[in-house]
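Student: Before we start, here is the structure in question, set down as structure tokens.
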Number of protein chains: 2
Amino acid sequence: MELWYSEKHTEDVKFSIKVNNHLFTGQSDFQRVDVFESDEFGKFLTLDGLMMVTEKDEFIYHDMICHVPMATNPNIKNVLVIGGGDGGTVRELTRYPSIEKIHMVEIDKMVVDVSREFLPITSSKLDDTRVTLFYEDGIEFVKNKPNTYDLILVDSTDPIGPGEGLFTREFYRNCFEALTEEGILVNQNESPYYEGDAREMIRASQKVKEIFPIAKVYQFHMPTYPSGHWLFGFASKKYDPIKDFNPSKWEEFGLKTKYYNTDIHVGSFMLPTYVKEMIESGTC
Amino acid sequence: MELWYSEKHTEDVKFSIKVNNHLFTGQSDFQRVDVFESDEFGKFLTLDGLMMVTEKDEFIYHDMICHVPMATNPNIKNVLVIGGGDGGTVRELTRYPSIEKIHMVEIDKMVVDVSREFLPITSSKLDDTRVTLFYEDGIEFVKNKPNTYDLILVDSTDPIGPGEGLFTREFYRNCFEALTEEGILVNQNESPYYEGDAREMIRASQKVKEIFPIAKVYQFHMPTYPSGHWLFGFASKKYDPIKDFNPSKWEEFGLKTKYYNTDIHVGSFMLPTYVKEMIESGTC
């Protein structure tokens, strides 16, 4: 017998993985949560059937969401993570001794519980003493927290289901208010390749750009996400991720990373022409 | 009824595309040749069942194989393309009025004939007066052509079947001899992500590095290839693709490109740490 997990990247494109075990399935108040085990990717977590994290390539996503802003402003002390229930984003943050406080707001406790049980690779640092977990709606959480965080990382699902509100103008506006004057926002910014993803990519970029004086996107190779071409948004009140980037200051942290380095920090902001044009024109 | 084309990216990973029509199937002396038509990717060509080119994203591969070396040395006059039967690489080359002569050596005439019939998007410039087609084995063709070409582009399949000999030390050595003192070699260099591809990627990089004084790899996002993370090798007797790169000289050509630009030229050489380490250590 063969057991295959499939995700439809579009109506006409399917990505399938041969699995050895279906380790967990559950329906939370928000979504369906599954964990599988495979030879190629190790264990992997899906939400409503969509790939979130695999043991093989989670390092790429978590390196790029965390180290790009940290290397832009190495003085970040207080961080808010919205979503990110698998814990990988928090794990990377805890590697900086200079970070004093990490708030993680995950709406779905089941994602955290399941990650603690099956994905120690990502969840291992959720009990770091600097981390506080809130099982709340991130949209509500960021309201009325003026001038509180140096960095907000939006580690969200796609803009359907529980993640939808994390792609609204109002939410980005509240993030702006919740950030200090030195604040940086990094948000999951979808993909430029398939039309449905590209439309959300453009909308998210435009909304962020309306609110923040500095707003860019950067790209990375994420093989288990649709097309493998994924983006984060980088927005800030003060810091430009290239002009204000000081590679040697980040090197002083002495962190060993598997994807991120101070070259790719710069290279990831150098986008293909079609991606730049989509963002500028607002159409795909 | 639904008709799905599937390619196994590894034994445990499958990429599938819903197709409307199976436009062509044929067995040449070298391989099985198929053309399909789909909503998502338009028409696409496969060789021995492996994806070669789709109407949707061929521009990415052809931009990156051609414009990176041309922008490094804008004085290139004589070019040899090995493989590339769909014609997309030649199409991009013909956009440079400064190029005087393009030799294309494709072992399999069926690939060219089928591309002329079904893929005018890539094959449209094969009749440019500067182009000469040779239906020959590229491995033999480069022997005894000393000091002949300013640029050799190896637009090959994977190192199995007819493409295998295009990944050997002897072949790269013959390319070195066939290049002028200013010569540049760009070769299809596989992918760092799945283990089988990564092994070939490392081997090709190492062989080229033994022969050429300047040898690097650069990356691009190619969604229809396994993992979407693909590499070309850049090797030269004289030119470094970054140090000798003069963006404004390339801008003078006035070419409109959809993926390539003078930023991504630089960014594409900035590699993830794990890719750099694979190439340096020789293991994956």
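All residue numbers here begin at 1 and follow the chain in the order shown.
Using N, Cα and C of the backbone, Cβ positions are placed for all residues, glycine too.
Annotation comment: TrEMBL describes A:Asp155 as active site, proton acceptor. The S-methyl-5'-thioadenosine binding site annotation in TrEMBL covers A:Gln31, A:Glu106, A:Asp137, A:Gly138, A:Pro162. Among the features that TrEMBL reports, spermidine binding site is placed at A:His62, A:Asp86, A:Asp155, A:Ser156, A:Thr157, A:Asp158. If you look up TrEMBL, you'll see A:2-237 marked as domain 'PABS'.
Burial and contacts for the listed features, if you can.
Tutor: A:Asp155 (active site, proton acceptor) falls within a strand segment according to DSSP.
Non-local neighbourhood of A:Gln31 (S-methyl-5'-thioadenosine binding site): A:Leu47, A:Asp48, A:Asp108, A:Thr157, A:Gly161, A:Pro162, each in the same chain, at least six residues away, with C-beta under 8 Å from its C-beta.
When secondary structure is read from DSSP and collapsed to three states, A:Asp86 (spermidine binding site) falls in the coil class. Long-range neighbours of A:Asp86 (spermidine binding site) (same chain, six or more residues apart, CB within less than 8 Å of its CB): A:Leu45, A:Met52, A:Val53, A:Glu58, A:Val111, A:Ser115, A:Leu119, A:Thr122, A:Ser123.
Summarised as a single figure, the pLDDT of the domain 'PABS' (A:2-237) averages 97.
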Student: So what sits near A:Asp158 (spermidine binding site) in its own chain, CB-to-CB under 8 Å and at least six residues off in sequence?
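Tutor: Once residues fewer than 6 apart are set aside, A:Asp158 (spermidine binding site) is near A:Leu50, A:Glu190, A:Asp197, A:Glu200.
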Student: Counting all other Cβ atoms within 10 Å across every protein chain shown, which of the binding-site residues A:Gly138, A:Pro162 scores highest?
Tutor: A:Gly138
Student: Among residues A:Gln31, A:Glu106, A:Asp137, A:Gly138, A:Pro162 annotated as binding S-methyl-5'-thioadenosine, what is the maximum Cα-Cα distance? Answer in Å.
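Tutor: If we measure all Cα pairs in A:Gln31, A:Glu106, A:Asp137, A:Gly138, A:Pro162, the largest is 16 Å.
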Student: Can you grab the distance from A:His62 (spermidine binding site) over to A:Glu106 (S-methyl-5'-thioadenosine binding site)? Cα atoms, rounded to a whole Å.
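Tutor: Approximately 16 Å lies between the Cα of A:His62 (spermidine binding site) and that of A:Glu106 (S-methyl-5'-thioadenosine binding site).
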Student: Out of these recorded positions, A:Glu106, A:Asp137, A:Asp155, which one has the fewest other C-beta atoms within 10 Å of its own C-beta?
Tutor: A:Asp137
Student: Where does A:Gln31 (S-methyl-5'-thioadenosine binding site) sit in DSSP terms: helix, strand, or coil?
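Tutor: In three-state terms, A:Gln31 (S-methyl-5'-thioadenosine binding site) counts as coil.
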Student: Let me know how many other Cβ atoms fall within 10 Å of the Cβ of A:Thr157 (spermidine binding site).
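Tutor: Its Cβ has 21 other Cβ atoms within 10 Å.
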Student: By a simple count, how many Cβ atoms lie within 10 Å of the Cβ of A:His62 (spermidine binding site), its own Cβ left out?
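Tutor: Here the count is 27.
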